[in-house]
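What follows is a single structure, written as structure tokens, with notes after it.
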Amino acid sequence: MSERLSGHTLLVSLLATPIRHSLSPKMHNEAYAKLGLDYAYLAFEVGTEQLADAVQGIRALGIRGSNVSMPNKEAILPLLDDLSPAAELVGAVNTVVNKDGKGHLVGHITDGIGALRALADEGVSVKNKIITLAGVGGAGKAIAVQLAFDGAKEIRLFNRQATRLSSVQKLVTKLNQLTRTKVTLQDLEDQTAFKEAIRESHLFIDATSVGMKPLENLSLITDPELIRPDLVVFDIVYSPAETKLLAFARQHGAQKVINGLGMVLYQGAEAFKLITGQDMPVDAIKPLLGDK
């Protein structure tokens, strides 16, 4: 990267903590190099306490854009000037665009688009399908919105945090009003309802942190009877590449198991396009992500 840094180089950032596991710097910097773009992507260890100062830094330094990850995806909302329609609906942001570097910051959410492109890449269509989705944080809400926009027949949402259920219910109401998709919300602690939903679903999506450290030995599904030859299981965790859930689903004969690497690639590609105006060369970037 040092060979192409100059006084004209445009900076893009990542604001999150922890950041050491992130694949984004490698992906974006390789894409800049492939396309000959004079950009550089740097990750900054920023939590909610430092977030306001970091956002002001984007404005002051003319940083052209930033990716935003945990724990900042919702906390950044009041610090921005505008939101895309999807980001406003989801109530979370993972990409900030500073158009022309002039300090007007617009928040976008690309998680949902990334997830659906990853599924399509694996030959999985969501149109007219019944889908169970566990975990309705920033990423989960974005995926739910995109599933509804892309024509899912029914989305059964499950979430463990009772304090979040009321805010998610507002999203459920909006999706039922704006789309033809039937969307419901239940507590993940209700295992009877959870198991029934999976039995009736074509696709199960785990958008929780279960499966990644320190929860790498846990799985939301432990009953082999829930895994069927016509069930697709998608875990948005990408480290480890095969979570306990995916290993269990593979062992018991799921139609297909998909990890989060494809979602990382395609949400990154969408963010790349928003910030640079160029298409990320995804075929060249895929090998950097390792085995899917």
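Indices start at 1 and increase along the chain as displayed.
Note: Cβ is positioned from N, Cα and C throughout, glycine not excepted.
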So Swiss-Prot lists GLY135, VAL136, GLY137, GLY138, ALA139, GLY260 for NADP(+); which of ILE109, ILE227, ILE236, ILE285 goes with them?
ILE236
For the recorded shikimate site, whose residues are SER22, LEU23, SER24, SER69, ASN94, ASP111, TYR238, find every other residue on that chain with a C-beta no more than 8 angstroms from the centre of their C-beta atoms, and list them by sequence position.
LEU14, ALA16, ASN67, VAL264, GLN267, GLY268
What recorded positions among SER22, SER24, LYS73, ASN94, ASP111 are found with a C-alpha within 10 angstroms of that of GLY138 (NADP(+) binding site)?
LYS73, ASN94, ASP111
Counting all other Cβ atoms within 10 Å across every protein chain shown, which of the binding-site residues GLY135, GLY138, GLY260 scores highest?
GLY260
Could you round the CA separation between ALA139 (NADP(+) binding site) and LYS73 (active site, proton acceptor) to a whole angstrom and send it over?
9
Among GLY135, VAL136, GLY137, GLY138, ALA139, ILE236, GLY260, the record's NADP(+) binders - longest CA distance, Å:
16
